[in-house]
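Per Swiss-Prot, the features are:
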- 10-52: domain 'CHCH' (DOMAIN)
- 13-23: motif 'Cx9C motif 1' (MOTIF)
- 13-44: disulfide bond (DISULFID)
- 23-34: disulfide bond (DISULFID)
- 34-44: motif 'Cx9C motif 2' (MOTIF)
């Protein structure tokens, strides 16, 4: 049985996810340089779930419960710096 091919370009919020990947590659995977783009993706995903329901899925969005956690974490002003310092050790 063949797996169904996913058209990623038609996935909700896919363009935001691609912008993050481009930013991470350009910045040497320094997440703090891409903060605005990450926030934009999460905002897009939140709108997606609000309009389609929490059972909806997009390959570009975390599942609703993880998205809520990620948004809460990003509200912490030190989240990027902490992650970068941890990664350096």
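Including glycine, each Cβ sits where the backbone N, Cα and C put it.
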Per-region confidence, the motif 'Cx9C motif 1' (13-23) (mean pLDDT, whole number): 95
Mapped DSSP class for residue 13 (disulfide bond), helix or strand or coil: coil
Rounded inter-Cα distance in Å - residue 13 (disulfide bond), residue 23 (disulfide bond): 16
Residue distribution over DSSP helix, strand and coil in the motif 'Cx9C motif 2' (34-44): 11 helix, 0 strand, 0 coil
Winner by Cβ contact number (other Cβ atoms within 10 Å) across the disulfide-bonded residues 34, 44: 34
Nearest-integer angstrom distance between the alpha carbons (Cα) of residue 23 (disulfide bond) and residue 44 (disulfide bond): 17
Between residue 44 (disulfide bond) and residue 34 (disulfide bond), the C-alpha gap once rounded to whole angstrom: 16
